[in-house]
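Enquirer: Below is the structure I would like to discuss, written out as structure tokens.
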Amino acid sequence: MLRYTLHATAAARVCSLFHHRLSIHQSKQLRDVSDLTQSQLVDRICRLLVLRRFTAISTLSFDFSDDLLNQVLTKLKLNPNACLHFFKLASKQQKFRPHVKSYCRLVHILSRARMFDETRAHLRVLVGFCEEDSRLGLYIWHQLVRFYREFGFSPTVFDIILKLYAEKGLTKNALYVFDEMCRLGRVPSLHSCNGLLSGLVRKEEFHSVFVVYDQMNTIGLVPDVCTCSIMVNAYCKDEKVGRAVEFMREIEEDIGVEPNIVTYNSLINGYVSMGDLRSAKGVLRLMNDRHVFKNVVTYTLIIKGYCKQGKMEEAEKFLKEMKEENPSFILDEQAYCVLIDGFCQIGKMNHAVRIQSEMLKAGLKLNLFICNSMINGYCKLGQVNEAAKMVKSMSKLKLKPDSYCYNTLIDGYCREGFISKAFDLCEKMVHDGIDVNIVTYNTLLKSFCQDNNINKALQLWHLMIKRGLTPNEVGYGTLLHCLFKVGDFKGAFMLWKQFLAKGFIKPVIGFNIMLNGLCKMGKMDEAEKVFDKMKELGCPPDKITYNTLVDGYCKVGNMERALEIKDIIDTKNFSLSIEMYNSLITGYFRCGKMKMKKVTDLLGEMHNRGIIPNIVTYGALISGWCKEGKLDKAFTTYSEMKEKGFTPNVIICSTMVSSLYRNGMIDEANMLLHKIMDFDLLPKDKSLEKFFEWDMKKVNLQKVFNIIDEVVESTFLPNNVVYNVAISGLCKVGKVDDAKKFISVLLEKGFVPDNFTYCTLIHALSSNGEVNEAFSLRDEMLTKGLVPDIATYNALINGLCKSGNVDRALRLFYKLRSKGVDPNVITYNILMDGCDKNGNSCEVVKLKEKMVKEGIATSIVTYLSEVREVAS
């Protein structure tokens, strides 16, 4: 026990003495470092690094500096591990970060030691500096060259940084390095050059691709199959597929490089992008001849070609053939994406769902692209509820909807009139942290503006700005157009000032919207100022600008200024458009009978210039002649239009109806209006057709009236005429109850049903076999002081005949004269047809004789043939 105690005490003394000496040594070392010069400190650090006493360096008390680090790196340039350790130690300091120069020294040291992984890692940091500040690229290059010359090391660093620049998409820096290496007489590796070519193709800098390839040949680099594939891809993406084929032939014959599957796939993709599936399949045959194995990418590209053209049956047929040819062939995720998207694009969602099910059975999972395609497909068909379900189901698939997904659904809601749902979805995006971009707000803005809801549009505008988004030209144009549409000239002018202040001076569309709004309001002085401002700001007017001004002056009757602008268009070498002539024709008609000869002169000038009248031209002429009461010329123009192969639209026919009303030809107008209700005569925007598809019990009636008002505004027809057209259309598609509902709402707006309104409903009810209700409407007409005309009674007689009640139809027919109504050819035709179907041939003969006796066949049939031609 004693021995142990004595031994322990002795050991403790020895240990204490050792620590005391070590403490003295450390203190002396710290004191010595503080007294050392910079040169002595560098020597001390280098000695410790060479001896690999790395932990001892951390005990030294000194401040890191660029000068100190660079001196150590230069002194130990032949000891890469020591340099790397000290550089890492410097990088970990809180108050110090190595300078670019230090990185440039280090990468040369590491490269010489063939420590290429470490070299690339530190060069990536340098490239990262360039991503943050593109101006550093030139400086870094000069520093790398400087230390290359100073150390006399190999230029491998240049080759690595060239490849890294290309990988990061910094093609400008990569091209500079490539050129400078050649100037220094250092040949980059083929691998790095291929990386540069590939990077340039990704950035679609095709001219640079071809220049670099020529330089590669000049400096003696021999292309390999990778080079060949990249170049073929470049030519194809640059829409030079023919040159790609020539290049493949040249490289095979001159160098002996055989194209591989990647090369052929690039060529197929080029043909597919051009829509040339025949040539793409020709490449497949070439691959078969050369025994080149086709992969799933090859087949997917051909399928993609069919899908782009909407030929989905052919796409699936091709797929089936490929499976038969190669039983081991299995579709991958990309192939399914192409097929599903193809069906979604053409609106065949049931097939898209079928392919989706096949994909899931194959063990593959849905991805974001497929979900977005499905959402887009549903929205295109107006099935926004299905699209919304698809968005909700994405969470189960562990997919997070992106901004494209939400923007598509928002657009779908807006198209279907569910703006509040669209706005709520936008707010959800904000809440969930999904990027709400300018596209989102522009979609909502457009929808509010289409509904003329300027207050909501302005609220959205200010909300967008409050949330830090800057409106673009599209947003300004949309809101500007809406302000003019609602007649807020002051607001439009204020917004226009903001538009100019934002510097949007180049896109001519903004100026054209402003001009269009001013011209529609007849403010031609202000329009001229905007026109002058365009020239002042260096935004050259286009054809639309001049046409808009011509139309504006025509609308205010200033035909002299309109013709002056027409002459300016001639001097600007713009071709005179049919739109401008249409405006001039309409303008001269507005000026009255004194200018009728000018219309004829314009038509002659159009003929001499080879400008062919379009449907708008004929519409303007027919409208003009009707306005002047020259119905003979209107019908002659109509006949000419038909001979030219133009189909009349509802505007032209309604104009003629309106003219017949004004000239007191009520019966003729009603007959013609019934005849023009075919859907192929509806406006091209399908607004009325959309109206006919709605359920009046569910639809927002304000939206209904907005559409009807737009038709009234665009056709310049009386409201009652357009309302009657809408009522007639509803009845035509069998929505008689909706027609009644529509009329009841119209009554609150001051609408007064006329003979045509009642006749339309009576005709619809009679056709449906509801004859008693039809007769009740006839009685209602009489109580309101409206005398039913022959068209009304023809509808009743037709209903009776269709329901098999021919005897009652005949009794009504023989009472017509007592009611002050004369039967016409239609009356006789209905009755004769009814009697014939009922087997009453004797009555048919009697009716024919009575018809001839009253001279109806010769006096009315001629007119009706014209009416039938108008409606045909």
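Placed from the backbone N, Cα and C atoms, the Cβ positions cover glycine too.
Given the structure is predicted, the values throughout are model-derived calculations rather than measurements.
What TrEMBL records for 154-188, 224-259, 260-294, 332-366, 437-471, 507-541, 577-613, 614-648, 649-683, 754-788, 789-823, 824-858 (among others) is repeat 'PPR'.
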Enquirer: Other than its close neighbours in sequence, what residues sit by the repeat 'PPR' (577-613), given a CB gap under 8 Å and a spacing of at least six beyond its ends?
Expert: 543, 546-547, 550-551, 553-555, 557, 559, 562-563, 566, 569, 620-621, 623-624, 627-628, 644
Enquirer: Grab the same-chain neighbours of the repeat 'PPR' (789-823) for me: Cβ-Cβ under 8 Å, and only residues 6 or more beyond its ends, written as numbers and ranges.
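Expert: For the repeat 'PPR' (789-823), the sequence-distant neighbours (Cβ-Cβ under 8 Å, at least 6 residues beyond its ends) are 666-667, 670-671, 674, 755, 758-759, 762-763, 765-767, 769-771, 774-775, 778, 781, 830-831, 833-835, 837-838, 840, 843, 856.
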Enquirer: Taking every residue in the repeat 'PPR' (754-788), what is their average pLDDT?
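Expert: Overall, the repeat 'PPR' (754-788) comes to a mean pLDDT of 82.
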Enquirer: Residues sitting near the repeat 'PPR' (154-188): Cβ under 8 Å, six or more positions beyond its termini, same chain?
Expert: 107-108, 111-112, 116, 119-120, 123-124, 126-127, 130-131, 134, 137-138, 140-141, 144-145, 148, 195-196, 198-200, 202-203, 205, 208, 212, 215, 219-221
